[in-house]
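One structure is given below, encoded as structure tokens.
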Ligand SMILES: Nc1ncnc2c1ncn2[C@@H]1O[C@H](COP(=O)(O)OP(=O)(O)OP(=O)(O)O)[C@@H](O)[C@H]1O
């Protein structure tokens, strides 16, 4: 190593020590080593200062008294695991008798200051064990997904959480989702990430894009069915309900065979069926859902009722048939008419981008977590794409999807176009692909698209 390299290394390390700037590159080069040392050296004293120690047991005090030794120190939680990561540190702590996970959660802000970290969060792993995640810099400022993510069928790594972990959209664990946000808050980018994540998987994508198709039609090569207006959407949703009924018949037929065999698994959903007969799962993406629920005439009101009834049926029964809903909109409350709150109750995964008022935040989290409502209102307007993701357990996280441009999403969809399954029930809605010279044809029921 030359003298120049040594000098450069020392200057950069000193810059970090003096806290001039601590961006991602600094963290990955020096920050992680310095922070690890800092946490290990200061651990006992910081835990004591943050009120996370317990007095020594009586037998140790008695022993010290008998042996005429100094009184033993209070004990911090045991470090069970210490893991430096790409964005910070992860500690597994074994709690001492009398401590609980809430104590650590309540002290997280004090720990953050004491260890000079950007963020500290904690969660209970199991009884007596707490995981503390520390981040060295603002990981949501410029989102970089880790190169290695835990890939499983129907589980999409869609965003990064503020604690540096990956936020997955797991369709098998949480089948249906609602994504809300004001205009220009980042809903479409989030949805684009979902489509790009689903594209390489064995899944059929169905899109209803009431913004005249501007968001989803460019991705048409990877979509098995698309609708760009409420009339087509109503027919498409009816076709999906028929498909769902067909899949239920298939599951029942399979149950008749296996129920006679004493120890065999009995199919309860498509994932219990043998691979060769399992129908392909379907993800239905609806952009700007309010457009489907608005009406101006009697005719449109009938169409609206048909659409909402089909959506409610899919939300209630679709999971076992492998049909998952991903609904996106600016607002989604009772003001949109009957059936909406019933539908919302079935959409377990909730994501709220920046909203303009508390009522909109309440539409996402009012029925599950008041803290999440507050966090959603506090999202700054300038940080587009920042969102609060929660579920019906009341747990929530601050997340941000990587900035995927429409071009990048189109390229991903085109690359995986050969994976687009042809679903016979949805054949009339399959987008027609035409060359760019023929593209200026008005959008119709089977709209031509280009990408
Ligand atoms: N995760 C992100 N990271 C960085 N920038 C983002 C992110 N998400 C959105 N943006 C920026 O915000 C702009 C608006 O995003 P997007 O089009 O997704 O908003 P929207 O909520 O769908 O708006 P509308 O409802 O008006 O269509 C994008 O052009 C992009 O530049």
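Backbone N, Cα and C atoms are what each Cβ position is placed from, and that goes for glycine too.
The annotation ATP binding site is assigned in TrEMBL to 181, 182, 183, 184, 185, 186, 187, 188. For 163-362, the entry in TrEMBL reads domain 'FtsK'.
Positions of the features from TrEMBL, shown on the structure.
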residue	record	CB count, 10 Å
181	ATP binding site	28
182	ATP binding site	18
183	ATP binding site	8
184	ATP binding site	11
185	ATP binding site	24
186	ATP binding site	24
187	ATP binding site	26
188	ATP binding site	22
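Note: the ATP site is recorded as 181, 182, 183, 184, 185, 186, 187, 188; in the same chain, 330, 353, 354, 384 also have Cβ atoms within 8 Å of that site's Cβ centroid. Checking the binding-site residues 181, 182, 186, 188 against ligand 1, the ones whose Cβ sits under 6 Å from it are 181, 186, 188. Look at residue 188 (ATP binding site): DSSP puts it in a helix. Taken as a whole, the domain 'FtsK' (163-362) shows an average pLDDT of 88 in this prediction.
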